[in-house]
Amino acid sequence: MEAAHAKTTEECLAYFGVSETTGLTPDQVKRNLEKYGLNELPAEEGKTLWELVIEQFEDLLVRILLLAACISFVLAWFEEGEETITAFVEPFVILLILIANAIVGVWQERNAENAIEALKEYEPEMGKVYRADRKSVQRIKARDIVPGDIVEVAVGDKVPADIRILAIKSTTLRVDQSILTGESVSVIKHTEPVPDPRAVNQDKKNMLFSGTNIAAGKALGIVATTGVGTEIGKIRDQMAATEQDKTPLQQKLDEFGEQLSKVISLICVAVWLINIGHFNDPVHGGSWFRGAIYYFKIAVALAVAAIPEGLPAVITTCLALGTRRMAKKNAIVRSLPSVETLGCTSVICSDKTGTLTTNQMSVCKMFIIDKVDGDICLLNEFSITGSTYAPEGEVLKNDKPVRPGQYDGLVELATICALCNDSSLDFNEAKGVYEKVGEATETALTTLVEKMNVFNTDVRSLSKVERANACNSVIRQLMKKEFTLEFSRDRKSMSVYCSPAKSSRAAVGNKMFVKGAPEGVIDRCNYVRVGTTRVPLTGPVKEKIMAVIKEWGTGRDTLRCLALATRDTPPKREEMVLDDSARFLEYETDLTFVGVVGMLDPPRKEVTGSIQLCRDAGIRVIMITGDNKGTAIAICRRIGIFGENEEVADRAYTGREFDDLPLAEQREACRRACCFARVEPSHKSKIVEYLQSYDEITAMTGDGVNDAPALKKAEIGIAMGSGTAVAKTASEMVLADDNFSTIVAAVEEGRAIYNNMKQFIRYLISSNVGEVVCIFLTAALGLPEALIPVQLLWVNLVTDGLPATALGFNPPDLDIMDRPPRSPKEPLISGWLFFRYMAIGGYVGAATVGAAAWWFLYAEDGPHVNYSQLTHFMQCTEDNTHFEGIDCEVFEAPEPMTMALSVLVTIEMCNALNSLSENQSLLRMPPWVNIWLLGSICLSMSLHFLILYVDPLPMIFKLRALDLTQWLMVLKISLPVIGLDEILKFVARNYLEDPEDERRK
């Protein structure tokens, strides 16, 4: 049934053809079940394990590696002699890498619990219905409830469907619907229609929503919608329709993979075609087929060389280390790739309650009457420090501390706050904080009483647990609460009837203490309290009181005001009818006005600084709240989102105002606005969508079930540690301390991680460029193989992998939060950097080939062949006079490969030092700024020595131990790469860098 809230109870009953007293007939139940289906949320069909495994092989680079492994495997079958074992090592290692990668990928996907499944926890098991086949109420499974059913709910029940209330069977009906609307206090419900068909859920005061809890009272209602038709069902559908986009880094790596795979394919084909003339060379036994296979193997080696196999592992490690650092700052990251996305966040959409504010209501102002002289009324105004539930703070008058016990009016005000109250404070020893027990508003009054300490109770020697309610206990010992007249909507107040305790010798009789909305309470006051006397409440005095309340309730503070009053001579208890709430109004008359307290949910202390940090970092903060617009704008001014006197006409909207704009203007509003008030969850998703259309990277906070679709849609969904399981499972990050400042710290960490990742991705890629150049040169010049695939795999995975991981520990730049967010479209490697890495890669390739050639041409223990013999080694036979006196086996010796590999590894270690900073010289940023990098270089070199000097590794890798002369040659060839990169950095710093960047550095 659509818009049930706007219809009368009679219309709702008529729509389903049902009687409130008897309920649906079995026939109607059957028909409605067929029409509307079961009252449950359908489970989401997850991917099968096999589908997840297949998904891991959709990446182009992975497919190329898989193809290379298969080809290597086939070629290994054709190997002869002692080469057979080494031939199988390469495909085996590649397959191991791919399997490990797939396992990690599948594990991560499986671990991301399903937010839709988490919604199930809000589905109640049972419901109580009236049906025509039974005289009394019956308990049935909640899934069998159908639209039209007459349902009964009572305190403690979970609402089984979306229900239009027909009758309230208690004084009041309070519902905790925070999971759905984010309202921190329970909501009082009624039965009258809400005539606005577009009312937001917060305003549908005659509806009960599926999954919410009855906090107090008992009611009867008719089921309007079930299953996916409910508000919680709509949230489920929104979440199911939201596709997870790839993070900017994943997109960059995908693009890079595609480009790389095209380049690899071209080079492999080129190498094979260049050497067609050599297929018949004698070294292949004159067999064209064997020649083709040989060059095919070289092409495969090229593919292996060009792909940075270690990259996925290094990225995962770097992100995992980042998440550990973030966890120490109270940001728990649930999805690894989102660590990097945080770095390009350009907009943070934050909830107000609990994130920007403490979510701990606190009284910050109060007033009592000081003097009434004719029409002149003077007030005593006080301010109170302390913005949490902790009983710590001072009462100030004109900014100077005062002792509240010296003011009779404050003693009475404290008495009303303590007695007209069902809440208390509790010290949570595990967390070391004071928490509320009961309603937030009442707990604020309890805390106020503790801060005022009107009877000067000695609290210094008390433990924190005893301190929690010490001053309230003193007041409760003086007066005994007899009974409570519950809050009701018509009078907007509640009261308690108290009698003096036996032990108290004070000459006071019974009293009624009242608290409630100022306009309602003051209208029923005939007197005002001045000191210990009461004087009549005249028109001018009332105007003065209401003027102050209006001033407090608007403007910068927008405080929530409560009026406190006493009925000095209430009727006798036996004369009062307590089971008829309609008569409570007549008992709460002839009141004496005592004072007013103004409270608010105060901003967190550290938020203002964090918002300034965001402004410096080019990040826009948008506050989104269910509160009214005035309160929202006031908090924005208080924390620095808006300036003190800034005009906010086109920068703050309510959900209704936003909906009334044409679509183009809605989109434009999202570009400007910094405050959205009175919003529904659907608005959050819409705002994210519009921001994404401007290529903004959005972080969205939320804690309720209602926030889950927007959390899932935003690039970074941030759930509160105190939030619902659904919000947490739909998000990428959870704030353990619910604090906005933690988001800013996480963004800073994300930026640092991206900078470091850029360094090691470039480091690994320049290494691969070097390997490709090496293989291409040997093939193009007709030289013997300098590096074989198994050696390339070792370098890519192990010796390069360790320094690359250590580069993730580079310290962040000092000005990291003074720059605007990077564009998600910014390429990983720009034009100049591409040239730089080609230059370095070219040197690496040439040096590696040069080291192998040096052994053939000049080494003492080498064959001393000439250059022509070296480039035509394929034609070497015993009969060929050009190779007279040369053993043809020498061209397959392991020494030149060892020289080439050692040069490659040493250059890579130098390159790792070059990667400490993109443009800073090693003289400005010495190696010891990252001690992890030095350690990893030592470890990589140790592993290189291991495969050179420890049997049987040299046989597997086709290597031979080097002597001192050869090592000196390796260093001579390798070290110039540092000088080359220093020259390139110098050019970048002085001739290419943006002057703005220069100034910032």
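Any Cβ shown, glycine's included, is placed from N, Cα and C.
Listed as Cβ neighbours of the transmembrane segment (49-69) (distance under 8 Å, sequence separation of 6 or more from its ends, same chain) are residues 90-91, 94-95, 97-98, 101-102, 105-106, 109-110, 254, 257-258, 260-261, 264, 300, 303-304, 307, 309. For 49-69 (among others), the entry in Swiss-Prot reads transmembrane segment.
The transmembrane segment annotation in Swiss-Prot covers 90-110 (among others) and is backed by similarity to another entry.
Below 8 angstroms of C-beta separation, residues 59-61, 64, 246, 295-296, 298-300, 302-303, 306-307, 772, 775-776, 779-780, 828 of the same chain, each at least six residues beyond the ends of the transmembrane segment (254-273), sit close to that stretch. Marked as transmembrane segment by Swiss-Prot: 254-273 (among others).
The transmembrane segment annotation in Swiss-Prot covers 296-313 (among others) and rests on similarity to another entry.
Under DSSP, THR353 (Mg(2+) binding site) is assigned to a helix (H, G or I) in the three-state scheme. According to Swiss-Prot, the Mg(2+) binding site annotation covers ASP351, THR353, ASP703.
Marked as active site, 4-aspartylphosphate intermediate by Swiss-Prot: ASP351. Counted within 10 Å of its Cβ, the other Cβ atoms near ASP351 (Mg(2+) binding site) come to 26, all protein chains included.
Marked as ATP binding site by Swiss-Prot: THR353, GLU442, ARG489, LYS515, ARG560, THR625, GLY626, ASP627, ARG678, LYS684, ASN706. Around the Cβ of ARG560 (ATP binding site), a 10 Å sphere holds 18 further Cβ atoms from the protein chains shown.
As annotated by Swiss-Prot, phosphothreonine applies to THR441 (among others), with the evidence given as similarity to another entry. The Cβ of THR441 (phosphothreonine) has VAL185, MET361, ARG560, LEU562, MET599 as same-chain neighbours under 8 Å, each 6 or more residues away in sequence. Taken residue by residue with DSSP, THR441 (phosphothreonine) is part of a helix.
In this structure, THR569 (phosphothreonine) belongs to neither helix nor strand by DSSP; it is coil. Other C-beta atoms found within 10 angstroms of the C-beta of THR569 (phosphothreonine) number 9, with every protein chain shown included. Swiss-Prot lists THR569 (among others) with the feature phosphothreonine, giving similarity to another entry as the kind of evidence.
For SER581 (phosphoserine), the same-chain residues 6+ apart in sequence whose C-beta sits under 8 angstroms from its C-beta are THR171, THR172, LEU485, GLU486, SER488. Swiss-Prot lists SER581 with the feature phosphoserine.
Among the features that Swiss-Prot reports, transmembrane segment is placed at 758-777 (among others).
According to Swiss-Prot, the feature transmembrane segment maps to 788-808 (among others), an assignment based on similarity to another entry.
Long-range contacts of the transmembrane segment (829-851) within the same chain: residues 762, 765-774, 776-778, 781, 783, 786-787, 896, 899-900, 902-904, 907-908, 911, 914, 969-970, 973-974, 976-977, 980-981, 984, 988, 992, each at least 6 residues beyond the stretch ends and with a Cβ under 8 Å from a Cβ of the stretch. The transmembrane segment annotation in Swiss-Prot covers 829-851 (among others) and is backed by similarity to another entry.
Look at CYS876 (disulfide bond): DSSP puts it in coil. Marked as disulfide bond by Swiss-Prot: CYS876-CYS888.
Nonlocal intrachain contacts for the transmembrane segment (898-917), taken as residues 6+ away from its ends with a CB within less than 8 angstroms of a stretch CB, comprise 759-760, 762-763, 766-767, 770-771, 774, 786-787, 791, 795, 799-800, 803-804, 806-807, 810, 840, 843-844, 847-852, 854-855, 859, 924-925, 927, 929-930, 933, 936-937, 940-941, 944, 948, 957, 959-962, 966-967, 969-971, 973-975, 977-978, 981-982, 985. The transmembrane segment feature in Swiss-Prot is assigned to 898-917 (among others).
If you look up Swiss-Prot, you'll see 931-949 (among others) marked as transmembrane segment, on the strength of similarity to another entry.
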Inset, instruction - Starting from each candidate's C-beta and looking 10 angstroms out, tell me which of the binding-site residues THR353, ASN706 has the most other C-beta atoms. - result: ASN706
Inset, instruction - Starting from the Cα of GLY626 (ATP binding site), work out which of the recorded positions (ASP351, THR353, THR569, ASP703, CYS888) are within 10 Å. - result: ASP351, THR353
Legend entry - Rounded to the nearest Å - Cα separation of ASP351 (Mg(2+) binding site) and ARG678 (ATP binding site): 12
Inset, instruction - Measuring CA to CA, name the entry from the binding-site residues THR353, ARG489, ASP703 that ends up nearest THR569 (phosphothreonine). - result: ARG489
Legend entry - ASP703 (Mg(2+) binding site) to CYS888 (disulfide bond) - Cα separation in whole Å: 74
Legend entry - Residue among binding-site residues THR353, ARG489, ARG678 with Cα closest to the Cα of CYS876 (disulfide bond): THR353
Inset, instruction - Compute the C-alpha separation of ARG678 (ATP binding site) from THR353 (Mg(2+) binding site), stating it in Å without decimals. - result: 13
Legend entry - Residue among the disulfide-bonded residues CYS876, CYS888 whose Cβ has the most other Cβ atoms within 10 Å: CYS876
Inset, instruction - Rounded to the nearest Å, what's the C-alpha distance separating CYS888 (disulfide bond) and ASN706 (ATP binding site)? Just drop the number here, would you? - result: 77
Inset, instruction - Between the Cα atoms of ASN706 (ATP binding site) and THR353 (Mg(2+) binding site), find the distance and write it as a whole number of Å. - result: 15
